[in-house]
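Here is the structure we will look at, set down as structure tokens.
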Amino acid sequence: MESLYETLRTLPLSVSIPLTTSIIIILSIVTNVVKQLWFPNPHRPPVVFHIFPFIGSTVQYGIDPYAFFFDCRDKYGDCFTFILLGKSTTVFLGPKGNDFILNGKHADLNAEDVYGKLTTPVFGEEVVYDCSNARFMDQKRLLKLGLTTDSLRCYIPKFVKEVEDYVKNSPYFKGDTGIVNITEVMAEITIYTASGSLLGNEVRSMFDSTFATLYRHLDDGFQPINFVMPGLPLPQNFRRNHARKVMEKLFSDIISKRRETGNQGDETDMIWMLMNAQYKDGEPLPDHHAARMLIAILMGGQHNTAVSGAWLLLNLAHKPHLVQELYEEQTQVLGSPQEPLTWENLQKLTLNGQVIKETLRLHSPIHSILRQVKSPMRVPGTEWVVPPSHTLLSSPGTMARSEEFFPRPSEWDPHRWDKIEPLVKTAEDGQTVDYGFGVMSKSVSSPYLPFGAGRHRCVGENYAYAQLGAIVATFIRLVHIEQPDPKAPLPAPDYSSMFSRPMNPAEIRWRRRETVE
């Protein structure tokens, strides 16, 4: 070793520095490989074999997470650890894994240490992941109060009108037929329907000007790099921070103006609900909390609905016979000429609901749910212990793509729900729990968990079904859709994006119906 050191000293820096660096890299690689092959830790889940210490399995996971999970499950079982950019990430698949992670005690694991870096610069401080878990659960309770069935009844006509106006006035739908990028179309439709229903007429009217730009700049804050380094001096982060401050002031001004007028009328939007809300301890909800929660509810669900809607319509375009079935179902349920779509008759559109469920099964926008381990956690039935240095990863979508639960799992077939609905229902064992925002099923054994489970289950589930259901029903009533190239396959998922959207070109051909009853 001394002779090597002396040799390196005699070399010029232009040679010794690259050579020394290469030696260090080679030694670290050799050490890493030897440790995995000959000195595995029997008290830890098996580690996915990798060559480069820091990179680990990052590339394979990033290219196709589901393929990576299934391949690792075949080799290592349901529980294994892989290296994600230097971080030991323990995956636990299946019902036991979902229960271990999603129903885990907050003292043992949490979500805020993972997601707080990403969401706090977008939503603001003191809300969501930038407050105590008890306060966050109370905030979810308040948001849920604005998503009742009575509220949804009021929202359905707004959803319908937004889609009708969009198809009538958007430059994407000029003439009687054309080709559109459905990802862009659904992004616009979902933000218009969400803002108009949840945030009221003032906000919706601003979406054609100032608000749309602010929203886009805030949206740019959802970049994967911000999971690790949210404060980087990047142009999009400067725009994100400015947009959040301006949007918060806009919401606060709307709240102040409404307090002055006090004229709610028939409006049932979330602003009216939050401006009069109280925390469980009796403290009135501060206006700046309300403003930041409004940003969170607008941003939090719009991406999922937009991506799911795009996948849904792309799949329908590949199966025109289902488009016709959906149209005929509306005629049968709503009559001809059709009566207005309401919450009650939306529930009667069975196939309309099934295309949503099948899309969420096969194209769940979130493939990985992460939690930071806070205290050592023993994996049930093993001697393995997951240490606090690890991140836990749950992937309910792997069950939804498993042959064990869904025959021909890679096939998009809404009619499968004609037969398997009871299977999903019976997976709930009757156990319930209240994390602070309402009683819910504790079971995580269902193979269909598109909205997650446990204390961080999405409170907007019913709203999402209603919004997407009304959008799809109205869209199909107005236009017929098909794929531009009958031989082209469905676009592949873009797993480099935050929400697994379809890769471009994600296009459909539309044709305006001759008569819209």
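For all residues, glycine too, the Cβ spot is worked out from N, Cα and C.
What Swiss-Prot records for this protein:
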TRANSMEM  10-30  transmembrane segment
BINDING   Tyr115  lanosterol binding site
BINDING   Gly300  itraconazole binding site
BINDING   Cys458  heme binding site
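Using a 10 Å radius centred on the Cβ of Cys458 (heme binding site) and all shown protein chains, the other Cβ atoms total 17. Look at the residue listed as 'lanosterol binding site': DSSP puts it in a helix.
Gly300 (itraconazole binding site) carries a helical DSSP state (H, G or I).
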